[in-house]
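These notes concern the structure reproduced below.
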Amino acid sequence: DLWQFGQMMNDVMREYVVFNYLYYGCYCGWGGIGKPRDATDRCCFVHDCCYGKVTGCNPKTDSYTYTYSEENGDVVCGGDDLCKKQICECDRVAATCFRDNKDTYDTKYWLYGAKNCQEESEPC
């Protein structure tokens with residue numbers, strides 16, 4: 001679920017970052033349109049696409065299990081439910097993407113607003 005995604009982001013980035021990404025660019029937050037503005041926004045675009053491929057459960061509300069290793073920074077998705085594992089994998093890839101692209105985060109894209117994202121969306 002989205003709360004777990006926020007927790008995972010905080011784990012992987014080793015700081016409280018959820019609100020920095022909630023309304024970032026054209027794709028971070030609820031939904032998305034237009035073209036991703038930078039590598040950070042592309043993490044959200046890919047995450048949205050990943051959620052769009054999940055069938056049989058709701059990525060925004062269904063919870064899953066995962067473990068986080070502080071030693072090596074890895075997230076491992078657990079549980080027996082394949083659909084929930086898919087949600088977890090979408091979140092794991094996005095959280096890792098945010099960490100790996102932290103240097104691209106640009107405050108000018110925080111609270112960017114959909115009015116600035118009017119181009120045609122690219123396909124997943």
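Just so you know, the numbers here start at 1 and follow the chain as drawn.
Cβ coordinates are placed from backbone N, Cα and C, and glycine is handled just like the others.
Given the structure is predicted, the values throughout are model-derived calculations rather than measurements.
Annotated in Swiss-Prot:
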DISULFID  C26-C117  disulfide bond
BINDING   Y27, G29, G31, D48  Ca(2+) binding site
DISULFID  C28-C44  disulfide bond
DISULFID  C43-C97  disulfide bond
ACT_SITE  H47  active site
DISULFID  C49-C124  disulfide bond
DISULFID  C50-C90  disulfide bond
DISULFID  C57-C83  disulfide bond
DISULFID  C77-C88  disulfide bond
ACT_SITE  E89  active site
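On the structure: features taken from Swiss-Prot.
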residue : record         : DSSP class
C28     : disulfide bond : coil
C49     : disulfide bond : helix
C57     : disulfide bond : coil
C77     : disulfide bond : strand
C88     : disulfide bond : helix
C117    : disulfide bond : coil
C124    : disulfide bond : coil
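G29 (Ca(2+) binding site) sits 20 Å from C57 (disulfide bond), counting Cα to Cα. In sequence order, C26, C28, W30, G32, C44, F45, H47 are the same-chain residues whose CB sits within 8 A of the CB centroid of Y27, G29, G31, D48, the residues recorded for Ca(2+) being left out.
Cα proximity to C124 (disulfide bond) (within 10 Å) is found for the following recorded positions from Y27, C44, D48, C50: D48, C50. Separation of the C-alpha atoms of C26 (disulfide bond) and D48 (Ca(2+) binding site): 11 Å, rounded to the nearest whole number. Between the listed binding-site residues, namely G29, G31, the fewest other CB atoms within 10 angstroms of a CB are found at G31. Around the Cβ of C50 (disulfide bond), the same chain contributes E89, C90, V93, A94, each under 8 angstroms and 6 or more positions distant in sequence. Recorded residues Y27 (Ca(2+) binding site) and C77 (disulfide bond) have their alpha carbons 24 Å apart, per Cα-Cα distance.
Within 10 Å of its Cβ, the residue among the recorded positions D48, E89 with the fewest other Cβ atoms is E89. The shortest Cα-Cα distance between D48 (Ca(2+) binding site) and any of the disulfide-bonded residues C28, C57, C77, C88, C97 is the one to C28. The disulfide-bonded residues listed here are C43, C44, C49; among them, C43 has the most other Cβ atoms within 10 Å of its own Cβ. Taking all protein chains in view, 22 other C-beta atoms sit within 10 angstroms of the C-beta of H47 (active site). Cβ contacts within 10 Å of C124 (disulfide bond), excluding its own Cβ and spanning all protein chains shown: 10.
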